[in-house]
Amino acid sequence: MKQLRLEPVVQVRGEINIPGSKSISNRALLLATLAQGTTTLTNLLDSDDIRHMLASLKQLGVNYRLSQNNTVCELDGIGGVISSASAQELFLGNAGTAMRPLCAALTLGQGEFTLTGEPRMEERPIGDLVDALRQLGANIVYLKNDGFPPLTINATGLNGGDVEIAGDLSSQFLTALLMVAPLAKGSVNIHVKGELVSKPYIDITIALMAQFGVNVINHDYARFEIVAGQRYISPGKVLVEGDASSASYFLAAGAIKGGEVKVTGVGRLSIQGDVKFADVLEKMGADIEWGDDYIIARGSPLTAVDLDMNHIPDAAMTIATAALFAKGTTVIRNIYNWRIKETDRLAAMATELRKVGAEVEEGNDYIKITPPAVINTAEIDTYNDHRMAMCFSMLAFADCGITINDPDCTSKTFPDYFKQFASLQG
C-alpha cells in the first residue's frame, strides 16, 4: 500500500485555483446531454467520478470532444431522451453523482440498461429514488439486494403525475428526479417525505436546470412542480464553479496555520452551499474575507463550535479535523448522511481521530471531538474515501506530522490535491 508522509508544517500562505465542482460537473454533463444544441463546459473537473459519467455517455452514443487537459468539454446534446436498440451495461465505479441521475434519466427513453459499480456502490442506497421512479411507471429490477445497485432498467418512458420521495437520507435522489421530470409524459408534482437534507445541493440542481431553460416551482422544499411541455435548451456555454468542498481544506489550512490562503473559483456569488463552510471557520475565530469569486482565510486562535451542519455535510468533515486545533469540544450535528457516503464517514472519522489522541463521542447522527493536549502522529487509514485523505492532511499542522495511507484515493475529486497542498508551505 502506498503511503504519504506529511512532515510538520510551520506556516502556510499562497493562492489556489480550485478545480471544478464534482456536483456541478456531472449534473451539467447530463443536462447538456438531454438538451438541444451543443454545450461547451469549461473548468470541468477531471476526476474518476466525471470519467465514469463521460464513459457511460459515450457508450450511450453521446458525442463530445475533450480538451487535452480534460477540463473543457464540447458536448452535442441529443435534444430529448436516451434510448438504445441494444442492451447496455454501464459501470459507474463509486460515483453516486453518476449512478443516481443516470438511473433516473435512463427510464425516460426505450431500452434495457444495467447499472453496476464497485463493491462499495452496492452498499450505497438507491431505494428511495427507485421507489419514486416506479410511482411514475418505471420498470426497475434489483439484481442483488433490494434497495441497492446493481439494477436493470427496462425503459419505456416516464409518466407524469404526483410522486412522493424521501428526503431525509440523501438529496441526490431528489436531484435525479428533478432533472428528469421535465421530460416525463406529463407534469410532475414531487412531494418530499421527511425533512430534506442538504438543501443547498437542491438549489444547485434548480439553478442549473434554469440555465438550460427549465423552470422548477419550489414550495419551500416540501413540494416541487415541474410543468409539462418544457425542454432543455443548451445555453451554449457553462462555466463549472470551483468545488466548494475542495476549497474547505485550503481555507481550514489558512485558519489553522496562516499566513493567508486565498482560494479562487468560489466566492460570494457561488451557487454551492458548501461555501458556507467559511462562515463556520469565522465562528471558530478565523479571519475570513469574501470576494465575488474568491475567499481568503487568515490564521487566528480557534475555539470550538456546536453546530447543525446538515447544510454542508461534505465540508463539515473538514471541521472535524480542524477541531483538533480549536480550544474546547466541537460538536457536529445532524450528519447521519455521512454514513452512506463513500464509506461510513462517521465511524471512519471517529476511529482515525482517536488514533491521534482525540476524545471522540460518535452518535448516530453527530460527532463530538475534544482535542488532546498533544496530538500524536499516526498512520491514517482513508477507506478509499477522498475526503478522509484530504481532511487528515490538516494533521500536518501538528508538531509531529502525519502519515496518510492510500493518498491516491483523492483521484475521485482532486487528483493533484497533495501537490497543491504542498505548494502552500513555506
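Even glycines carry a Cβ here, placed using N, Cα and C.
Copied over from Swiss-Prot, here are the features:
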BINDING   LYS22, SER23, ARG27, SER170, SER171, GLN172, SER198, ASP314, ASN337, LYS341  3-phosphoshikimate binding site
BINDING   LYS22, GLY96, ARG124, GLN172, ARG345, ARG387, LYS412  phosphoenolpyruvate binding site
ACT_SITE  ASP314  active site, proton acceptor
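Features as recorded by Swiss-Prot, highlighted on the structure.
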residue : record                           : CB count, 10 Å
LYS22   : 3-phosphoshikimate binding site  : 27
ARG27   : 3-phosphoshikimate binding site  : 27
GLY96   : phosphoenolpyruvate binding site : 25
ARG124  : phosphoenolpyruvate binding site : 20
SER171  : 3-phosphoshikimate binding site  : 26
GLN172  : phosphoenolpyruvate binding site : 26
SER198  : 3-phosphoshikimate binding site  : 22
ASN337  : 3-phosphoshikimate binding site  : 20
ARG345  : phosphoenolpyruvate binding site : 25
ARG387  : phosphoenolpyruvate binding site : 29
Taking only the recorded positions LYS22, ARG27, ASP314, ASN337, which one has a CA atom nearest to the CA atom of ARG387 (phosphoenolpyruvate binding site)?
ASP314
Roughly how many Å lie between the Cα atoms of LYS412 (phosphoenolpyruvate binding site) and ASP314 (active site, proton acceptor), rounded to a whole value?
14
Which one, from the recorded positions ASP314, LYS412, has the smallest tally of other C-beta atoms lying within 10 Å of its C-beta?
LYS412
Compute the centroid of the Cβ atoms of LYS22, GLY96, ARG124, GLN172, ARG345, ARG387, LYS412, then list the same-chain residues not in that set whose Cβ lies within 8 Å of it, in sequence order, for the phosphoenolpyruvate site.
ASP49, ASN94, ALA95, THR97, ASP314, LYS341, GLU342
Distance check against ASN337 (3-phosphoshikimate binding site) for the binding-site residues GLY96, ARG124, GLN172, ARG345, keeping those with Cα within 10 Å:
ARG345
Rounded to the nearest Å, what's the C-alpha distance separating the residue listed as 'active site, proton acceptor' and SER198 (3-phosphoshikimate binding site)? Just drop the number here, would you?
10
Measuring Cα to Cα, tell me the gap between ARG27 (3-phosphoshikimate binding site) and ARG345 (phosphoenolpyruvate binding site) in whole angstrom.
24
Using Cα coordinates, what distance in whole Å links ARG345 (phosphoenolpyruvate binding site) and LYS22 (3-phosphoshikimate binding site)?
18
Just how spread out is the phosphoenolpyruvate site if you go by the largest Cα to Cα distance in Å among LYS22, GLY96, ARG124, GLN172, ARG345, ARG387, LYS412?
18
Distance check, please: Cα of SER171 (3-phosphoshikimate binding site) against Cα of GLY96 (phosphoenolpyruvate binding site), rounded to an integer number of angstrom.
11
Between the Cα atoms of GLN172 (phosphoenolpyruvate binding site) and LYS22 (3-phosphoshikimate binding site), find the distance and write it as a whole number of Å.
13
SER198 (3-phosphoshikimate binding site) and ARG124 (phosphoenolpyruvate binding site), distance between Cα atoms, whole Å:
17
In three-state DSSP terms, the structure that ASP314 (active site, proton acceptor) belongs to:
helix
